[in-house]
Amino acid sequence: MAALLFSFTALLLLRGSSVHSQGLQIGFYDSYCPDAEDIVRSTVEQYYDKDATTAPALLRLHFHDCFVQGCDASVLISGASSERSAPQNFGLRGFEVIDDAKSQLEAVCPGVVSCADILALAARDAVDLTGGPSWSVPLGRRDGRISLASGAKALPSPADPVSVQRQKFADQGLSDHDLVTLVGAHTIGQTDCQFFSYRLFNFTATGNADPTISQAFLPQLRALCPPGGDPGRRVALDKDSPGAFDVGFFKNVRDGNAVLESDQRLWSDAATQGAVQKYAGNVRGLLGLRFAYEFPKAMVRMSSVAVKTGGQGEVRRRCSRIN
């Protein structure tokens, strides 16, 4: 076993220059842990079968990881001042799925598969299980050793105008097109009343609601999140087909039926409106077929942000703490 671990570490170091300069590799674990992807998939499926909201939770967890110090599983580290403890990460779920998959992988391939790669694979599988596209995930990430709550300021906020969203995505090397495409993951997402109820009753400080909310949709949102109601009540971000990975979210944005202010603002910006319209389809009924093609490409770009490879970082034995 010691010889196997030594040879695997040597392989990582030898691959380091090519991976670091050319990106991650599909089939990275084929020789040293050939069942890695199957183990992650079966674990995600097991939890999804019990609770379908596991899928958006895992997708969000991966997103939140990549936007802070890159895709290095730093969001999984527990601690009083870790990313996981930041206000922006309150409500993150799915940690137990990653921990379960990691435990199984450590039993068959100790010290081989990183938590960062498990998270990237789980996000892909979550999309696939909800009827979305699947894709080959380039692998070879290493786990980071630093996790600070202060870094979570890099995450987009539900109240961000497009200009701020654009800058936060650009800081990760992602384009306006990537912004719209990746926000499309909200098609299976949920949020709490506390993150959008301010839009419903006194948005303009004169008692009126956010004028960008359609008049037909406003009463529905007010009924879900009344004054004095539960701020933690979960509300689907796609009102027509929650739980299904489709283009319904973009149609909602186009029609003034987005739940979050940041999502609805994508329709008021000329650059992002065009992408929303292409995904939603036009008013003559043409379907927005490009989303299933573009989303995997955007996910691969995002999941490659500031990755640690080769001799960088480590492969954690437990995802919630550094070795």
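Cβ atoms here come from the backbone N, Cα and C positions, even for glycine.
Unlike curated records, TrEMBL annotations are generated automatically.
Some features that TrEMBL has for this protein:
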type     : residues                                 : note
ACT_SITE : HIS64                                    : active site, proton acceptor
BINDING  : ASP65, VAL68, GLY70, ASP72, SER74, GLU83 : Ca(2+) 1 binding site
BINDING  : THR187, ASP238, ASP246                   : Ca(2+) 2 binding site
DISULFID : CYS33-CYS109                             : disulfide bond
DISULFID : CYS66-CYS71                              : disulfide bond
DISULFID : CYS115-CYS319                            : disulfide bond
DISULFID : CYS193-CYS225                            : disulfide bond
SIGNAL   : 1-21                                     : signal peptide
SITE     : ARG60                                    : site 'Transition state stabilizer'
Nearest of the recorded positions (ARG60, THR187, CYS225, CYS319) to SER74 (Ca(2+) 1 binding site), judged by Cα-Cα distance:
CYS319
Recorded positions clustered about ASP65 (Ca(2+) 1 binding site) [Cα within 10 Å; pool: CYS71, CYS109, CYS115, ASP238, ASP246, CYS319]:
CYS71
List the residues in the vicinity of the Ca(2+) 1 site, defined as same-chain residues other than ASP65, VAL68, GLY70, ASP72, SER74, GLU83 with C-beta within 8 angstroms of the site's C-beta centre.
HIS64, CYS66, PHE67, GLN69, CYS71, ALA73, VAL75, GLY144, SER147, GLY151
Local Cβ density at CYS33 (disulfide bond) - other Cβ atoms counted within 10 Å:
17
Among all protein chains shown, how many Cβ atoms are found within 10 Å of the Cβ of CYS66 (disulfide bond), not counting that one?
30
Other than THR187, ASP238, ASP246, which residues of the chain come within 8 Å of the Ca(2+) 2 site, judged by Cβ distance to the Cβ centroid of those residues?
GLY184, HIS186, ILE188, ASP240, SER241, PRO242, ALA244, PHE245, VAL247, GLY248, PHE249
In angstrom units, rounded to an integer, how far apart are the Cα atoms of CYS66 (disulfide bond) and ASP72 (Ca(2+) 1 binding site)?
7
Taking Cα atoms as reference points, which of the recorded positions ASP72, GLU83, CYS225 is nearest to CYS115 (disulfide bond)?
ASP72
So if I measure Cβ to Cβ from CYS193 (disulfide bond) and keep only same-chain residues at least 6 apart in sequence, which ones fall under 8 Å?
LEU224, CYS225, GLY229, ASP230, PRO231, GLY232, ARG233, VAL235
Other CB atoms within 10 A, centred on VAL68 (Ca(2+) 1 binding site):
27
Lowest local Cβ density (other Cβ within 10 Å) among binding-site residues: ASP65, ASP72, GLU83, ASP246:
ASP246
How many other Cβ atoms sit within 10 Å of the Cβ of the residue listed as 'active site, proton acceptor'?
22
